[in-house]
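Asks: Here's the feature list from TrEMBL:
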ACT_SITE  GLU154  active site
BINDING   CYS110, HIS153, HIS157  Fe cation binding site
Amino acid sequence: MILMEDIIREGHPTLRTKAEEVKFPLSEDDRALAHDMLEYLINSQDPEASQKYGLRPGVGLAANQVNSLKRMFALHLEDDNGEQLSFVAINPKIVSHSVEKTYLPSGEGCLSVDRSIPGFVPRYARITVKFFTVDGEEKKLRLKGMPAVAFQHELDHLNGIMFYDHINEANPFDQVPNSFPLGEE
Ligand code: SB7
Ligand code: NI
């Protein structure tokens with residue numbers, strides 16, 4: 001089971017290292033990692049379990065964050081229509097994206113960052129993504145809203161990129177060209 005002490009924090013070189021493609025069929029270790037990452041998210045969003053295990057709530061978790069350089073991440077959140085999205089994405093990619101951007105008006109946070117870093121993080125408003133499931137099945141999804149933002153946050157982790165890399169340093173709340181704040185679509 002993944003606990004807070006297993007999540008590495010900013011300054012650790014693994015967070016700045018590009019993760020490697022995962023080979024199929026998955027090894028037992030890869031399968032266990034995929035399972036454990038999704039389990040962390042589910043527990044972290046459950047009031048009893050998060051309290052019991054001292055978990056900080058999260059909608060996503062990338063392998064780099066548990067010090068593993070595998071191209072996989074877990075997402076567990078609801079979309080705009082209240083549909084639960086819950087999956088582990090292996091070798092994920094964005095195959096196309098909108099020109100229009102979006103951003104969370106309250107900024108982003110990260111389980112690997114123990115401080116609040118204010119500022120808008122520009123993200124594509126809509127993305128089409130492809131990834132493999134743990135069973136080697138290829139999926140293609142269209143995402144918008146929070147799932148699109150979270151997917152991009154996690155994909156960045158696999159490429160050694162942190163959310164604050166995208167914040168305008170001189171003016172963190174500077175207008176993002178061709179964008180709308182999430183929630184005001
Ligand atoms: C705000 C938070 C997240 C994604 C997008 C906006 C996820 C936070 C948890 N993580 O650190 C996952 O990498
Ligand atoms: Ni993160």
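Just so you know, glycine gets a Cβ as well, placed from its N, Cα and C.
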Asks: Return only the integer: C-alpha distance in Å from GLU154 (active site) to CYS110 (Fe cation binding site).
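Replies: That comes out at 10 Å between the alpha carbons.
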Asks: Inside 8 A of the center formed by the CB atoms of CYS110, HIS153, HIS157, which other residues of the chain have their CB, for the recorded Fe cation site?
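Replies: Same chain, not in CYS110, HIS153, HIS157, Cβ within 8 Å: GLY60, ALA62, GLN65, GLU108, LEU111, SER112, GLU154, ASP156, MET162, PHE163.
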Asks: Please report the three-state DSSP label of CYS110 (Fe cation binding site).
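Replies: Coil, per DSSP.
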